[in-house]
Amino acid sequence: MESSGTNTLPCARCQAPAKLQCPTCVRLGLPKDSCVFCSQACFKLAWPEHKKMHFPPADAWLYCIKRGKARSDVLPDFDWTGPLRPHRISPQREVPDHIPKPDYFKDGFPYKENESRQQQIGAGGGGMRESQEVVRMRMTSQADQHLKPSKLILTNDCDPNTLLSPDPGPAVPIRGPDDTDAIRAACLIGREVLDLAVAAAKPGVTTDEIDRIVHEAMIERGAYPSPLNYFNFPKSVCTSINEVICHGIPDARELQSGDILNIDVTAYHKGFHGDLNETVCVGEVDEEGKMLIKVTHDALMKAIAACRPGVRYRDVGDIITKHATANGFQVVKSYCGHGIGDLFHCAPNIPHYAHNKAVGIMKEGHVFTIEPMINVGSWRDRTWPDGWTAVTEDGKRSAQFEHTLVITREGCEVLTRRLDSSPPLWWEVQGE
């Protein structure tokens, strides 16, 4: 037993002034009022019942660890890069039986992505990371890796994202009208749900509450929230605050005035995914934060404006980087845009930084996302102990915007475009 450091609380068993505290409860961070005792003898008498507190019930809120496959009562130890800390997360939300589900909803592994030829010339993507530390990676345990399943060879002797295809055959699908219409429908659901989530993003609201809103809105529309259990991701939406670059896990932390918040939504509807995200101001945000958000949005829109048949995918990064660096910001290199459709992530691979070596040119019928992540400081990232949350290495803020688009004969169509009813972005409010 440890000294409780106070005699103002009553013993949890006999109500006498407490002097000692259960050491296991201290380690687990449990409330002190149920963990203090007047003496060792009283603690021993209370032990048969008290020890039950050390084993959380099924509905307990716990810290996420091991890429979503496990939970902990204890905040993991980590050299945090900024002021943000993970909070406890709620139990995973259920999806009704009548909602059509992707193949990974049970065990977290996307089997169709692993088997598909659409993976052969693309990897990375908003949902995954590209390795910069290996010359060649063979995916032997996909569910424990940051990369999406692929037969991709990764090299780092000239560029962290040099891409070589072991099979030169076609991999990026040409979507016909039926597929495009189905993806468009999923994108519209995603847009409607994102708008609901953005409208709820106010000081005092937890990101877990935003996850609840997204989850329930998806179910109401007959859709499955694509992030849920994808490689064991524990929630239905990604919520990335301040120094979080992407893949933030919704938790019990309340949003604070001055936060910038990215909400990343993907809907799976009738066999197809639609993916988009936005970064918004929570309450009153300083000028630097607002500038970062605007520059990131504009970089995305400049890239989209250049998309048409014949454009090289590698050129997207040049456009984004030119705008970001002109405003004093840096572009994240570890994550990239991706093909999407019947698979959540697939070819093509679309890095957002300049002078990348992505392969391929845009063709009519290609469907993919562009989703630049832009930082105030260094572009480099680190990953929290949960295995998902990517943060800036210097603790400075990051922003992101994402659209899904299809290449058309004359240019492109933004399938996740904003609606007249979409909540205005900060500069649209200011410009009224």
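If you go along the chain as it appears here, the first residue is 1 and each next one adds 1.
Placement of Cβ uses the backbone N, Cα and C atoms for every residue, glycine included.
Copied over from TrEMBL:
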DOMAIN    8-61  domain 'C6H2-type'
BINDING   His247, His345  protein binding site
BINDING   Asp264, Asp275, Glu402  Zn(2+) 3 binding site
BINDING   Asp275, His338, Glu371, Glu402  Zn(2+) 4 binding site
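Taking CA atoms as the reference points, Glu402 (Zn(2+) 3 binding site) and Glu371 (Zn(2+) 4 binding site) are 4 Å apart.
DSSP labels the residues of the domain 'C6H2-type' (8-61) in these numbers: 24 helix, 6 strand, 24 coil. For the binding-site residues Asp275, Glu402, the greatest number of Cβ atoms within 10 Å around a candidate Cβ is found at Asp275.
Checking the binding-site residues (Asp264, His338, Glu371) against His345 (protein binding site) with a 10 Å Cα-Cα cut-off leaves His338. Over all protein chains present, the Cβ of Glu371 (Zn(2+) 4 binding site) has 28 other Cβ atoms lying within 10 Å. Neighbour count (other Cβ atoms within 10 Å of the Cβ, all protein chains): 26 for His247 (protein binding site). Per-residue confidence over the domain 'C6H2-type' (8-61) averages 88 (mean pLDDT, predicted model). Proximity to His247 (protein binding site), judged by a C-alpha distance within 10 Å, picks out Asp264 from the binding-site residues Asp264, Asp275, His338, Glu371.
By a simple count of nearby Cβ atoms, those within 10 Å, the most crowded of the binding-site residues His338, His345 is His345.
Residue pair Glu371 (Zn(2+) 4 binding site) / Asp275 (Zn(2+) 3 binding site) shows a Cα separation of 10 Å.
Cβ neighbours within 10 Å of Asp264 (Zn(2+) 3 binding site), excluding its own Cβ and spanning all shown chains: 26. Between Asp264 (Zn(2+) 3 binding site) and His338 (Zn(2+) 4 binding site), the C-alpha separation comes to 14 Å.
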